[in-house]
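Undergrad: Pulled the feature table from TrEMBL, pasting it below:
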type	residues	note
DOMAIN	1-153	domain 'N-acetyltransferase'
BINDING	Val82, Gly83, Val84, Arg90, Gln91, Gly92, Val93, Leu94, Ser95, Thr118, Glu119	acetyl-CoA binding site
ACT_SITE	Tyr123	active site, proton donor
ACT_SITE	Phe410	active site, proton acceptor
Amino acid sequence: MEIRGTTGEDLEVFINTMHTAFGQFPGGAADSDGVWWAALEMDRNLLAVTADGRPIGTAGSYSFELTLPGDIVVPAAGVTAVGVVPSHRRQGVLSAMMRHQLADLRTRGEFISVLLATEAVIYRRFGYGPATYTSRLTVPRHQGAFAARRARAAATSLDTGSRTGSVEVLRRVDCGEILEQVYDRYRRAQPGALSRPHRWWTSGAGQPPIAPAARYIAVHRNADGVPDGYASYSMGEGNTLTVDETIAADDAVFMALAQFVLGHDLVKKVLFKQVPLGHPLRWQLADYRAGEVSDDTDWLWVRLLDVPRALTARGWSTDGELVLDVDDQFLGEHNRYLLTIREGKADCVPTDSAPDLSLDVSDLGSIYLGGTTPSTLVRAGHIAAHHQGAAALADALFRTERVPHCLHWF
Ligand SMILES: CC(=O)SCCNC(=O)CCNC(=O)[C@H](O)C(C)(C)COP(=O)(O)OP(=O)(O)OC[C@H]1O[C@@H](n2cnc3c(N)ncnc32)[C@H](O)[C@@H]1OP(=O)(O)O
């Protein structure tokens, strides 16, 4: 077997091999709107081929940007299109492709790799850990009243009621570049969010509302008329209004859009897809039980390729020191680092000091964006805390003001 890089000339064979691995046909239901591959970057993809030249495996990566805690935007490889044809599975083809890909990404100078996993049991062995989570929230319209605000203090700029804005309904095809611009502003301030490169929007690659499927878009504008949020939605069976995604500059805009869809006539219930865990929407409703959470699942998996670079890249909000003993079995690396945080910035250097925590690189990926607490993984038995208080210290340091969330599908 050989693993080789691809060019634009390999596009057809790449797509066909991948579809065989997924048991799908190009243009079939899993294709969304049939153009997902328009975003593939063929100079970043790999094909596994047998000695007699038959393609048996694919792996790709997109050149995204990822927002880290502290509103810091860094490059990130978005691993995609991973598949091995059914006749050649469990013979190490994926493992060989992953090894090749991680080396390739390091050669490109990339230090974070991310993916969405079809199955949660595949990628930990390659050093990935789940780092952001998402869920669906269903609200029956008759229970969709919002609670009156409770604080008696004078209104602040954060208060939802102290702002004025407007909502206009457009068809997806008539939105021009509004969605792209609103999404781009949102993702730069949302830890865990990925960029959606311009060509995704122009080629309609992805899922709605990137894919130009029939959708209505409720566009929210601020008092100056500048778009600062949108909800992409459609009406389906049982008069359920399904919201693909709600993109909002802040919580007040999110609430305005939620109120808008929950006030839609002829709707029995509203299904909000891609809601971050712990989102305030349930608290904003008068009836806390009205919001039913389902499909609570992992979304973005993170793999650190250069631990010191990754740890010094993100923003931090609590000063402190932590010694991390990090094991990277797949790449055969084992290192101990002293992480020192002062005034929002970290320094990360090799050390011989006794560790506070010992952990696998996949678990470091899980806690990196602040979406999983170190103490949860200590309690689960995956991270070893070497003294009383080590887990609480790590929790305090890795904690982020905003829950990381990613809703980009790739
Ligand atoms: C980011 C994305 O693109 S996600 C998309 C992932 N692709 C798919 O789900 C498509 C359908 N599945 C496939 O194409 C293949 O089964 C793949 C790509 C998941 C795995 O490819 P393979 O070549 O069989 O994997 P490989 O032989 O290298 O397996 C390595 C190890 O992972 C394990 N493994 C691989 N896939 C799975 C799985 N789906 N479930 C459980 N274990 C798995 C193997 O048992 C093996 O374990 P071992 O090292 O203890 O022996």
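Cβ atoms here come from the backbone N, Cα and C positions, even for glycine.
Those TrEMBL annotations? Automatic predictions, nothing curated.
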Undergrad: State the Cα to Cα distance, in Å, between Ser95 (acetyl-CoA binding site) and Tyr123 (active site, proton donor), rounded to an integer.
TA: 10
Undergrad: Identify, in sequence order, the residues in the chain of Val84 (acetyl-CoA binding site) that are 6 or more apart from it along the sequence and have a CB within less than 8 Å of its CB; answer 'none' if there are none.
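TA: Long-range Cβ contacts: Ala21, Ala48, Ile56, Gly57, Val93, Leu94, Met97.
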Undergrad: Please check the recorded positions Val82, Val84, Val93, Ser95, Glu119, Tyr123 against ligand 1 and give me the ones with CB under 6 A, sequence order.
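TA: Among the recorded positions listed, those whose Cβ sits under 6 Å from ligand 1 are Val82, Val84, Val93, Ser95, Glu119.
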Undergrad: By CA distance, which of the recorded positions (Val82, Gln91, Phe410) lies nearest to Tyr123 (active site, proton donor)?
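TA: In terms of Cα distance, Tyr123 (active site, proton donor) lies closest to Val82.
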Undergrad: What is the number of other Cβ atoms found within 10 Å of the Cβ of the residue listed as 'active site, proton acceptor'?
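TA: Excluding its own Cβ, the residue listed as 'active site, proton acceptor' sees 23 Cβ atoms within 10 Å.
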Undergrad: Please classify the secondary structure at Gln91 (acetyl-CoA binding site) using three-state DSSP.
TA: coil
Undergrad: Which one is closest to the residue listed as 'active site, proton acceptor' in space, judged by CA to CA distance, out of the binding-site residues Val82, Gln91, Glu119?
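TA: Of all the candidates listed, Val82 is nearest in space.
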Undergrad: By a simple count, how many Cβ atoms lie within 10 Å of the Cβ of Gln91 (acetyl-CoA binding site), its own Cβ left out?
TA: 12
